[in-house]
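Per Swiss-Prot, ATP binding site is recorded for Phe15, Ser16, Gly17, Gly18, Gln19, Asp20, Ser21, Thr22, Thr23, Cys24, Leu25, and the stated evidence type is sequence analysis. As annotated by Swiss-Prot, Zn(2+) binding site applies to Cys191, Cys200, Cys203, Cys206.
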Amino acid sequence: MSQNDLNKEKALVVFSGGQDSTTCLFYAKKHFKEVELVTFNYGQRHDKEIEVAKKIAKEQNLKHHILDMSLLSQLTPNALTQHELSIEDNDDGIPNTFVPARNLLFLSFAGALAYQIHAKHIITGVCETDFSGYPDCRDSFIKSMNVTLSLSMDKDFVIHTPLMWLDKAQTWALSDKLGVLDYIRHNTLTCYNGIIGDGCGECPACHLRARGLKHYLEHKGEE
């Protein structure tokens with residue numbers, strides 16, 4: 001499908017208010033005629049995530065769907081839904097921030113919503129390059145979900161992953177190319193400890209984000 005064709009289409013962005021999904025929001029605004037957002041409330045570590053997502057959606061004048069997925073917090077204790085747990089890697093190398101089946105469920109419900117609002121395109125900010133040990137962020141999983149969603153609803157869905165092969169520095173570069181680097185830096189919430197913008201500087205998410213920004217700014221203009 002050509003860019004001219006995409007400009008006539010509708011897209012649904014899986015949106016958390018973090019760096020990656022907000023970059024996807026602006027990517028979608030550039031490439032699609034109509035954009036809506038879906039945020040999942042799954043009892044995440046910080047309610048502030050939902051408030052940040054609402055604020056950004058309002059500022060960008062986009063229709064924002066918030067779906068209750070609180071049942072996820074009942075399935076397994078992990079550091080994204082259980083506030084009292086510290087963030088660390090498990091013995092199998094998968095971080096205890098991993099929520100089993102999260103992206104499987106999120107994309108399933110995003111597909112159901114996309115069906116209802118007549119959106120062919122679903123955009124998610126998952127990324128395999130800065131692989132954090134999450135098996136449901138892999139390209140192979142996304143491709144399988146694309147087929148499954150299309151078959152389950154007899155619709156020709158397209159799942160877009162514009163960040164899949166970008167590292168964090170390249171993700172910052174994309175936001176700069178879209179003209180929103182400063183907006184994303186100061187208004188998004190990536191920090192596991194709930195601090196907006198540059199975050200706490202201590203958690204794994206902040207380290208990854210800060211390292212990527214530093215690398216991008218140091219090498220900006222070299223290519």
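Glycine too: its Cβ is placed from the backbone N, Cα and C atoms.
A helical conformation is recorded for Gln19 (ATP binding site) in the three-state DSSP classification.
For the recorded ATP site, residues Phe15, Ser16, Gly17, Gly18, Gln19, Asp20, Ser21, Thr22, Thr23, Cys24, Leu25 set the reference point as the centre of their Cβ atoms, and the other residues of that chain within 8 Å of it by Cβ are Val13, Gly125, Thr188. Other than the site residues Cys191, Cys200, Cys203, Cys206, same-chain residues with C-beta atoms no more than 8 angstroms from the centre of those residues' C-beta atoms, the Zn(2+) site, are Thr190, Tyr192, Asn193, Ile195, Gly199, Gly201, Glu202, Pro204, Ala205, His207. Of all Cβ atoms in the shown protein chains, 24 besides its own fall within 10 Å of the Cβ of Cys191 (Zn(2+) binding site). A gap of 24 Å separates the Cα atoms of Leu25 (ATP binding site) and Cys200 (Zn(2+) binding site). Summary: among the binding-site residues (Leu25, Cys200), the fewest other C-beta atoms within 10 A of the C-beta are counted at Cys200. Per Cα geometry, Gln19 is the residue among the binding-site residues Phe15, Gln19, Ser21, Thr23 nearest to Cys203 (Zn(2+) binding site).
Taking CA atoms as the reference points, Thr23 (ATP binding site) and Cys191 (Zn(2+) binding site) are 16 Å apart. When the CA atoms are compared, no binding-site residues among the candidates Phe15, Gly17, Gln19, Ser21 lie within 10 A of Cys206 (Zn(2+) binding site). Of all the Cβ atoms in the protein chains shown, 24 others lie within 10 Å of the Cβ of Gly17 (ATP binding site). Distance noted between the C-alpha atoms of Gln19 (ATP binding site) and Cys191 (Zn(2+) binding site) is 10 Å. The DSSP secondary structure for Leu25 (ATP binding site) is helix.
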